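Undergrad: Per Swiss-Prot, the features are:
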{"type": "REGION", "residues": "416-777", "note": "region 'Required for localization in the lipid droplets'"}
{"type": "ZN_FING", "residues": "598-659", "note": "zinc finger"}
{"type": "BINDING", "residues": "C604, C607, C628, C631", "note": "Zn(2+) 1 binding site"}
{"type": "BINDING", "residues": "C620, C623, C651, C654", "note": "Zn(2+) 2 binding site"}
{"type": "ZN_FING", "residues": "715-775", "note": "zinc finger"}
{"type": "BINDING", "residues": "C721, C724, C745, C748", "note": "Zn(2+) 3 binding site"}
{"type": "BINDING", "residues": "C737, C740, C767, C770", "note": "Zn(2+) 4 binding site"}
Amino acid sequence: MSAQTSLAEKGLNPGLMCQESYACSGTDEAIFECDECCSLQCLRCEEELHRQERLRNHERIRLKAGHVPYCDPCKGPNGHSPGVRQRAAVRCQTCKINLCLECQKRTHSGGNKRRHPITVYLVSKVQESLEGEEMDEETKRKKMTERVVSFLLVDENEEIQVTNEEDFIRKLDCKPDQHLKVVSIFGNTGDGKSHTLNHTFFYGREVFKTSPAQESCTVGVWAAYDPVHKVAVIDTEGLLGATVNLSQRTRLLLKVLAISDLVIYRTHADRLHNDLFKFLGDASEAYLKHFTKELKATTARCGLDVPLSTLGPAVIIFHETVHTQLLGSDHPSEAPEKLIQDRFRKLGRFPEAFSSIHYKGTRTYNPPTDFSGLRRALEQLLENNTTRSPRHPGVIFKALKALSDRFSGEIPDDQMAHSSFFPDEYFTCSSLCLSCGAGCKNSMNHGKEGVPHEAKSRCRYSHQYDNRVYTCKACYERGKEVSVVPKTSASTDSPWMGLAKYAWSGYVIECPNCGVVYRSRQYWFGNQDPVDTVVRTEIVHVWPGTDAFLKDNNNAAQRLLDGMNFMAQSVSELSLGPTKAVTSWLTDQIAPAYWRPNSQILSCNQCATSFKDNDTKHHCRACGEGFCDSCSSKTRPVPERGWGPAPVRVCDSCYDARNVQLDVTEAQADDEGGTLIARKVGEAVQNTLGAVVTAIDIPLGLVKDAARPAYWVPDHEILHCHNCRKEFSVKLSKHHCRACGQGFCDECSHDCRAVPSRGWDHPVRVCFNCNKKPGDL
């Protein structure tokens, strides 16, 4: 019985013979169709072929009655993907290929091929209904992706363009409780990454912008939501293309890789270049070294119940060739993945961070590119939740936000490394020791978590920074390392007793455990250096923004000034009320008749600012009302009030109306004349006393500068408050924080704390920021 009769009896189309001839002679009937081998196979060929490791996961279907195979030469009308490719209409018995009507007309309509015998396939009603259902499903999927649009997620400066989780979910256009995975793509610029995503996920729609121009059309990181596969698709900027902020853009790629569940590395080259393996190897090393720890910290900090970094993402290397064979074609016994691992080992790169690495290649004889194999591989990996499970969009945003906050900031040009795609300098702190030049080994922005700078190497001494630290020798011998500093007095001494002891026996070194271990003038002669007797010296690193370590903490002079100032201020505050009352009464007694009495002036007549007890009230010489200093700072002659031709203080309103002559009656002029002489005498006395006070203030300022501790910022350099940025004036006094030495206003430095590290063992003025620091200052 012939093979044709056997097939007809089974209800199959005639001509469905094995197309592989791997274990048979090609005369056995076809039982299976392998979509990835693109052939019909008999029982023996199917078993022998798919016993190989690289072919083991191919999708095969068993042929049913009335089965019609796909057309062999084409991938469907207009080169569409296999999801909508054409079924064959005939089979050429001479060429032994299946042809659709279009391919038959194109290839067998002329020449000798016209005479080739053909067998017509009969399409059953069952097959027609199945194809109709497939087309309906395909149409539904296309319709689901019609409204998808991409949006800029992160710009080229590493700044996230989404404000919060709600904004991220709104732009993705997905449900807040939707569980999804993240698929991102990487590759060199111009290799068609955006084009690949458009055809793999969105049926060729230009969701991600593509351009035939030389300039890259993808700048930054763009994202879109695929409702069919329920994944967030991320398009990235190409490698080897950026010329500005290259280091920051490269670092941005690793942030995207860290939040991805599946990574596609797209390469359009006849052979796999070393750049691919170096990129993946360096990315793996940087991921394990810097990002795994941060992702775990984010999980704990945000209270997430999803492990973000159990294993890194899976990687698919999508390799498109034109003139060369695909990887592994000349070694059928070896899987392409094994050959890729060998390449990694030869280059000394070990991609341990990735959960798996897969190879998917396609050879494009004639455009367009076939993305069907890539799509099938992606769908298989997306269904696998063993290592990476889907998660809420909010979790994805939190992870990206945490990585962006942690690893941000400019990367200096001198720290750019060309031997690695992701050098440590992209992710570690950029601070350098001012003394030895060693770099900090901690991650970027570690100061926000209260972690101090650290270096791998020891520092060297620099006289400029005096980077020595004293530690108690006795405590060190007992296994403890306790830092000590020279200071004016012991913590057990009262402020005045400490000053007296300092004048007699000099500065002290006090250990919290051992007490006072050294006094500089304890004996009349023969006092030894503390380094030779009671302390050890260590050389430490000097980081930008920190002070030197053994600056002069002898603040005896400043303590004396603070004490005198405190007593003077106390007396002044106690006598402020009576003094002001007496002054106001005397002023009213000698004031002209048209002046409003001080007791009736509660606020400025122009700006309505209420006067405090110690505020000065000024009278306008023209109208006699009470004003603050800023509303009565102008001067002009007021001869109509008897002040003569000399300019005197007037308010802003009277100054603006200086061309209008006041109508003063003769009786008023006589009354004012009597009291005006007394007021002029009073002002002359007041101005004389003010000049004396100013003359005293100048040497007093010199005394303050001389008594100022070394770490205090000089008064003449302090122009505004270090915290609130208010400019200092006559009314706004400057105050030094005893911890950091910066200048502050009273509101920003009204707290009091002991600062032992600066020699202040009793509560003294500290700024708002220093007061928030935990532990001893």
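Just so it is clear, glycine is given a Cβ too, placed from its N, Cα and C backbone atoms.
Help me understand the surroundings of these features in the structure.
TA: The DSSP secondary structure for C631 (Zn(2+) 1 binding site) is helix.
C623 (Zn(2+) 2 binding site) falls outside any helix or strand according to DSSP and counts as coil.
In the three-state DSSP scheme, C745 (Zn(2+) 3 binding site) falls into the coil class. For C745 (Zn(2+) 3 binding site), the same-chain residues lying six or more positions away in sequence with a CB closer than 8 A to its CB are C721, N723, C724, K726, F728, L732, S733, K734, H735.
In the three-state DSSP classification, C767 (Zn(2+) 4 binding site) falls within coil. With a cut-off of 8 Å between CB atoms and residues at least 6 apart in sequence, the same chain places H722, N723, C737, A739, C740, Q742, F744, C748, S749, D751 near C767 (Zn(2+) 4 binding site), listed in sequence order.
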Undergrad: About how far apart, in whole Å, are the alpha carbons (Cα) of C770 (Zn(2+) 4 binding site) and C628 (Zn(2+) 1 binding site)?
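TA: With the alpha carbons as reference points, the distance is 35 Å.
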Undergrad: For C654 (Zn(2+) 2 binding site), what is the secondary structure state per DSSP, taken as helix, strand or coil?
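TA: DSSP call for C654 (Zn(2+) 2 binding site): helix.
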Undergrad: Out of the binding-site residues C604, C607, C628, C631, give me the one sitting nearest to C651 (Zn(2+) 2 binding site) by CA distance.
TA: C631
Undergrad: Any same-chain residues 6+ apart from C607 (Zn(2+) 1 binding site) with CB under 8 Å of its CB? Would you list them in sequence order, or say none?
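TA: Same-chain residues close to C607 (Zn(2+) 1 binding site) (Cβ under 8 Å, separated by 6 or more) are C628, S630, C631.
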Undergrad: Sorted by position, what residues of the same chain at least six away from C654 (Zn(2+) 2 binding site) have a C-beta under 8 A from it?
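TA: C654 (Zn(2+) 2 binding site) has long-range Cβ partners C620, A622, C623, R636.
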Undergrad: Which of C604, C651, C721, C770 has the fewest nearby Cβ atoms, counting only those within 10 Å, among these binding-site residues?
TA: C770
